[in-house]
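Positions annotated as compositional bias 'Polar residues' by TrEMBL: A:280-292. Sequence annotations record features per position, and here TrEMBL assigns compositional bias 'Low complexity' to A:355-365. As annotated by TrEMBL, compositional bias 'Basic and acidic residues' applies to A:457-468. Marked as compositional bias 'Acidic residues' by TrEMBL: A:469-479. Residues annotated as domain 'Nucleotidyl transferase' in TrEMBL: A:17-131. Sequence annotations record features per position, and here TrEMBL assigns domain 'EIF2B subunit epsilon/gamma LbH' to A:368-435. The annotation region 'Disordered' is assigned in TrEMBL to A:280-313, A:355-377, A:457-479.
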Amino acid sequence: MNFQDVTSAPIPKEFLAIILAGFGNELHPLTGNHGDEPCPKALLPIANKPMISYTLTWIEESGIQDVLIVCPATHREALSNYLQSDEFSSTLVVNFEAYDSNDPSTGAMEVLAAAAPRCQTDFVLLSCDFIPHPSLPLSSVLNEFRVATDGALAISLFYEASVLDKSEEVAFLEKPPVVIVDPSTSSLLHVDYSHANEEELDLRMSLTWKFPRTRLLANFTDSHVYVCRRAVLDLIVDRAKGFDSFREDFVPWLCKLQYQRRRREKFTAVLSHNIRSSPSSALRHSTRYSASSKRDRTVAPTSSDTSDDEGPLEQTLRCGALLHRAKDGYVTRTNNLYAYSEANRRVLATVLASAPAPSGKPAPSQNADSLIAESSRVGERTSVKKSVVGRHCTIGKNVKIAGSVIGDHCIILDGAHLENCILSQHTRVGEKAELIRCQTQAGLEVEAGAKFKGEKLEVDSWAEGHGDSEEEGSESESE
Amino acid sequence: MSKQERRELQEKQRAAKEVAKAQPAKGAKAANKPSQASQDNQSSKKLSKAAEPSTPSLGASASAKSLNATSASTSQHNLTGTEAFGLRIFSHFGAIKHPSGPAKGDIHPAIVRLGRQFAEFAITGANARCIATLTAFQSVIQDYSTPPNTTLSRHLTTHLSHQINHLVGARPMSVSMANAIKHIKVEITNSDIDMPEQNAKDELCHKIDLYIRDRIIVADKVIRTTALRKIQDGDTILTYARSSVVEKVLLYAHSKGREFSVIVVDSRPMLEGKGLLSKLSSAGIRCTYILLPALPSIIDEVNIVFVGAHSMLSNGAVFSRAGTAMVAMMAQERSIPFVVCCETYKYSEGIHLDSFTKNELAPLSVSIPAASSEEVQSEPNLQILNPLYDLTPPTNITAVVTEVGVIPPSSVSSLPFALGRQFI
C-alpha cells in the first residue's frame with residue numbers, strides 16, 4: 001500500500017488470465033530444442049513478433065491486468081526473459097506456474113488442477129497460440145460473461161474455420177468438431193470430437209426436451225478461449241483424474257450439466273459453494289426477466305407468497321458460446337504447421353497494409369510484400385517475396401525466397417532457393433540449396449546443394465552424418 | 001419581384017440557413033458529447049491509445065475505426081449529417097453511447113458487471129435496478145478499505161461517486177437509484193468515526209438491507225394488501241407493460257381467492273408484457289394480451305386500471321413506461337379508475353410538464369432484433385428513435401396507492417411531510 005497516496009483503495013480483480021503455453025507437439029520441428037535450449041511454442045514468431053505477444057496484447061486491451069502463464073519448467077526461463085526484455089512492454093502483471101513435466105503429452109487438466117490454488121477470481125483460460133483480430137476484442141467475450149444474469153458457468157469462443165486449400169497437409173489436420181448450440185440463449189449444448197467424420201451422432205433425450213430448437217454447426221473450431229467462473233476450477237480439480245484434455249474432454253462434459261439432471265444435482269453443491277451473491281432479488285423485480293420454468297416438466301409453481309421473495313433463483317449453469325464468423329476477420333489457433341504459416345501470411349498482409357513505408361532504403365529486388373527486419377542484410381539480386389525475415393539474418397546473393405518464414409539469426413548463402421519454408425532460428429542454409437515446403441529445427445545446417453521437398457528437417461538426423469540430398473525426413477506428420 | 005418569387009427566395013435562404021446551422025450544430029454536438037459523460041470519451045481515448053501498441057494484432061491501422069464499426073450490440077454512433085438530423089428531436093439526451101472498451105480507472109468488478117448489465121438491458125425496471133445497484137454497493141463497501149489520513153465517513157462517499165459515474169455512463173440513473181444513493185450517502189456521513197472499520201462497513205451493509213426491505217419489499221407487501229381492497233370479484237383489470245408492483249398485486253389477489261381477469265397491454269420495443277403474461281397465466285389467472293393500438297376496442301370492458309411507475313413528480317404526475325399516458329387518457333375519458341401503484345421512495349422533487357424534457361432513448365440492440373440490425377444500421381436515411389418513458393398528467397390519475405395509503409395525485413407533494421422527513 002502506498003503511504004503517501006490518499007486516494008488509493010485496492011479494488012479486487014475481476015479476472016485472471018491463464019495462458020497455457022505448452023510444448024507445441026504439432027509444430028515440431030519448430031519447437032525442437034536448439035542444442036540444449038528449448039524453443040517454446042509461445043515464442044515462435046509470427047510476422048517477427050512472438051506468438052505470445054499477440055495474446056498478451058489482446059488481454060491487456062481488454063483491461064485484465066493479471067496473467068498467469070502455465071508452462072513447462074524448462075521453458076520458463078526463456079519466456080520470462082522475453083517478457084522482461086525491451087521488445088515487450090506492457091502493464092500486465094505476469095506470474096509463472098511451471099509444471100515439472102518433460103512429457104509433451106501432459107494434459108491441460110492436470111496442469112490446471114495444479115495451478116488452481118493460485119486463482120481466486122473468475123478466470124479467462126487461453127492458449128498462447130490464439131491470434132485474435134481487432135474485430136474481436138476480448139472485452140466482448142468478457143461482456144458476454146458479465147451480462148449473463150442467469151448464472152452462466154463459462155463462455156467459450158468458437159471461430160469459423162476459413163476455407164482451406166486442398167493440399168495434402170490439410171488432410172491430416174483435425175476436422176472441426178460437431179457443435180450444437182441453442183441460438184436463442186447462445187448456449188453450447190454439445191461438442192463432439194470423436195464423431196466429426198462420421199454420419200451419425202448420439203444425443204441425449206434430455207437435451208432435446210430442454211432445448212427443442214437447436215442448431216448444428218460443423219465448421220466451427222474451438223478457439224480455446226474460455227471465460228469461466230471460479231467454481232469451474234473446483235470442477236477441474238475434481239475431474240482432473242479422469243480427463244486429460246480440457247478442450248476435448250472437459251468442455252463437452254461441462255455442457256452436459258445444463259440438461260443432465262443427475263449430474264447437476266451431484267455438482268450443484270460444488271458449484272453453489274463459490275457463487276458470488278447473484279442478483280436474484282433484483283432479477284425477480286426486473287421487467288425483462290422471465291424464468292425459464294416453462295421448460296421444466298414439473299408441477300406448476302405454487303403460491304407466489306412464499307417462494308418468490310426468498311432464496312436464490314435457479315441457475316442455468318449454462319455454457320455460452322460466442323461465434324465468430326470468418327467474414328468478420330481472421331482469427332486462428334496456430335497449433336499446427338499449416339495454421340502457423342497461414343497466420344504468418346495473413347498477419348504479414350495486414351502489417352504491410354498498415355505500415356506502408358518501411359524505414360530504410362528498400363533493398364534491391366525486394367518486393368513490398370515482405371517483412372524484413374532492420375538488422376538483417378539481404379544481398380544483391382535476391383528476391384524475397386511474401387516472406388517474413390527475422391532479425392540479424394544474413395541472406396546472400398541470388399537467393400530466391402518465396403512465401404517463407406525465416407527465423408532470427410539465419411544464414412542463407414548465395415544461390416539458395418526457398419519456397420514455402422519455415423526456418424527456425426539459427427538455421428544455416430548452404431549455397432545453392434533448395435528447400436521446398438520444408439520446416440527446420442533451430443540450429444540446423446543444410447548442406448550446400450541439398451534438395452529437400454516437403455520434409456521436416458531435424459538436427460538429430462544430421463548428427464548421424466548422412467550427407468545425401470535424398471535424406472528422409474523425420475517421422476510422419478500426424479502425431 | 002412578385003410575391004411568389006420573394007416567397008421562393010425566402011424559402012431558399014431559409015433552407016440554406018438550416019444547412020449551415022446543421023454543420024455547426026454537428027460540431028456543437030460533437031463538442032456536446034464530451035460534456036455528456038466524460039467517462040465515455042476517456043474510454044474512447046483509451047481505445048485509441050490502446051490501438052497504438054496493438055500493431056502486432058491483425059489490421060492495426062483501422063483498428064480504432066473497426067472497433068467502432070462492429071458488434072451489433074454495442075456500437076458507437078458517429079454523428080454524421082443525417083444522424084444529426086434525426087437526433088434533433090431528442091438531441092438534448094445526446095447520442096446513445098456505449099463504452100465498449102475496458103472500464104477506466106479502478107472500478108469494482110461488481111460495478112463493471114452491473115454497468116454491462118444495464119447497458120445491455122439485462123436488468124430493467126426501477127425496482128430491479130435499484131436493488132441491483134444497492135446489492136453491488138454492498139460488495140463495494142465490503143471490499144473497501146479506508147486509505148490512511150482520512151476517515152470512512154469522508155472518503156467512502158467519493159469512492160462510491162466514482163463507481164456511480166461509471167454506472168451513469170452505462171445507462172442514465174433512474175430516480176429510484178438516485179434516491180437510494182442519496183440515502184446511503186447520508187448514512188455514510190452519519191456513521192460513527194470511532195467505530196472500527198469492519199463494524200462500520202457491516203453497519204452500512206445492514207442499513208442497505210434495511211432500506212431494500214423497508215422501502216421496497218415491505219412497501220410492496222403493504223401496497224398489495226391495500227390494492228386488494230380495490231379489486232372485486234368479477235373485475236376486469238387492465239395493466240400496461242410490466243410493473244413488479246402490479247405483478248405482485250395481481251398474484252396476491254389471486255392467491256387470496258379473488259376472481260378476476262387481466263388484460264395485459266403491451267408495446268414495442270421492449271415487449272415486457274410478455275413476461276407478465278407468462279407469469280400470470282402460469283399462476284392460473286385468466287389473461288388477455290393486446291398491443292397498445294388495440295386498446296380503444298377493448299377498453300369498454302375494463303373495470304379498473306393498475307399501472308406501476310418509474311417515479312412520481314411533485315405535481316402528482318407520473319413518469320413511467322412510454323404508452324402509459326395514452327392508457328390513462330383513454331381510461332379517464334370513459335371514467336374508468338386509473339390507479340398507480342408506487343412506493344414512496346420513487347418520489348422525485350422535480351416537476352416536468354411534458355415527456356420531452358427528460359427521457360431516455362432505447363439503444364438499437366433493444367429497438368431492433370439482432371437479425372435485421374445490420375441492414376437497418378446501414379440505412380443512411382433511417383433514424384430509429386424509441387423514447388422509453390412518458391409523463392401522465394395528474395388529471396388523468398384517479399389515485400396513487402403507496403405504502404402510506406391511497407392518496408389523490410394532488411397530495412403527492414405532501415408525502416415527505418407526511419413521512420416526517422425533509423426529503424423522501
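Cβ atoms are placed via backbone N, Cα and C, with glycine included.
Looking at the domain 'Nucleotidyl transferase' (A:17-131) alone, the prediction's average pLDDT is 83. When the domain 'EIF2B subunit epsilon/gamma LbH' (A:368-435) is classified with DSSP, helix, strand and coil residues number 0 helix, 27 strand, 41 coil.
Mapped onto DSSP helix, strand and coil, the compositional bias 'Polar residues' (A:280-292) counts 7 helix, 0 strand, 6 coil. For the domain 'Nucleotidyl transferase' (A:17-131), DSSP puts the residue distribution at 40 helix, 32 strand, 43 coil.
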